[in-house]
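K.L.:
The structure that follows is given in the form of structure tokens.
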Amino acid sequence: YKLSVSPEMDIMEYCRKEWRGNTPAAKRMRKGYEAVAQKFASIRRIRGDNYCAFRATLFQALSQATQLPRWLQSEDFTMLPENLLSKYDWIKQWQLRQKPGKRMGEIRDEIKEYLILLRKKWKNISEIKDPLEKQEACDKLFKNEEEEYSLYEALKFLMLNTAIELYNADKSGKRVPVFSWLLFARDTSSNPSQLMHNHLNHIGHSGGLEQVEMFLLAYALQYTIQVYRLYKYSTDEFITLYPNDPEEDWPVVTLITEDDRHYNIPVRMCQETML
């Protein structure tokens with residue numbers, strides 16, 4: 001059985017193990033890891049399937065959660081599947097994990113269950129005061145494959161909902177973030193229906209999240225996702241924020257990537273950084 005989130009390991013030890021050679025790429029990676037090690041002491045490896053961006057982001061968000069986000073508290077949060085399916089017939093083609101070709105009622109009920117699970121887990125973990133206990137609860141959740149993948153389905157559906165909101169806002173002349181234009185400027189996702197068919201339905205199966213979809217995930221969660229992109233070390237894209245103009249009150253989670261495809265997480269902020 002593959003662990004979803006491996007135990008922590010010293011960041012520089014990990015780097016020395018992974019990047020031994022003297023190629024320019026290895027040197028750059030080592031420099032990148034050294035920079036991350038100024039802020040964080042350890043790294044936890046994230047299981048490398050096509051869900052790793054979800055896994056890394058959600059694990060970080062839950063490990064530091066102290067309250068339920070506002071959008072998770074709203075009354076109509078669990079009514080999302082019903083509301084969207086009543087307006088957009090094409091959502092019937094939503095691909096549930098390992099269960100293609102479900103009927104509309106089943107899709108609605110199943111996604112509703114996933115959203116309820118997300119709210120319940122977030123609430124339970126955010127109420128744990130002791131940091132060690134909180135960490136144990138997160139580790140336990142990410143060892144339960146059934147629940148873990150259900151949460152990713154919930155995140156995907158929230159991304160679809162956010163995409164529909166942004167698309168409609170743009171069409172009615174409201175201001176939308178720049179990434180939203182980029183999202184719908186792609187040949188494969190010129191509207192939310194195409195985004196679902198060609199992208200969201202494939203996440204976790206045949207592909208992970210593309211860069212522009214990292215923005216969408218950040219907006220759906222109302223979190224700033226800060227990523228150390230190690231191969232961009234010594235450029236101004238080394239630390240990238242999704243979104244790049246975040247709201248002041250959005251919490252921040254930090255991830256590490258060597259190639260914009262796979263994500264790991266840095267843990268244990270160094271003392272002086274915290275002060």
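The backbone N, Cα and C atoms fix where each Cβ goes, and this holds for glycine too.
For Asp49, His262, the entry in TrEMBL reads active site. Residues or ranges marked as active site, nucleophile by TrEMBL: Cys52. The annotation site 'Linear diubiquitin binding' is assigned in TrEMBL to Glu237.
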K.L.:
When the number of other CB atoms within 10 A of each residue's CB is tallied over all shown chains, which of the recorded positions Asp49, Glu237 has the maximum?
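P.N.:
When each Cβ's neighbours within 10 Å are tallied, Asp49 leads.
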K.L.:
List the same-chain residues at least 6 positions away in sequence whose Cβ sits under 8 Å from the Cβ of His262 (active site), in sequence order, or say none.
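P.N.:
Expected: Ile46, Gly48, Cys52, Gly208.
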K.L.:
How many other Cβ atoms are found within 10 Å of the Cβ atom of the residue listed as 'active site, nucleophile', counting all protein chains shown?
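P.N.:
By my count, 22.
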K.L.:
Do you know offhand how many angstrom separate Glu237 (site 'Linear diubiquitin binding') and Asp49 (active site) by C-alpha?
P.N.:
25
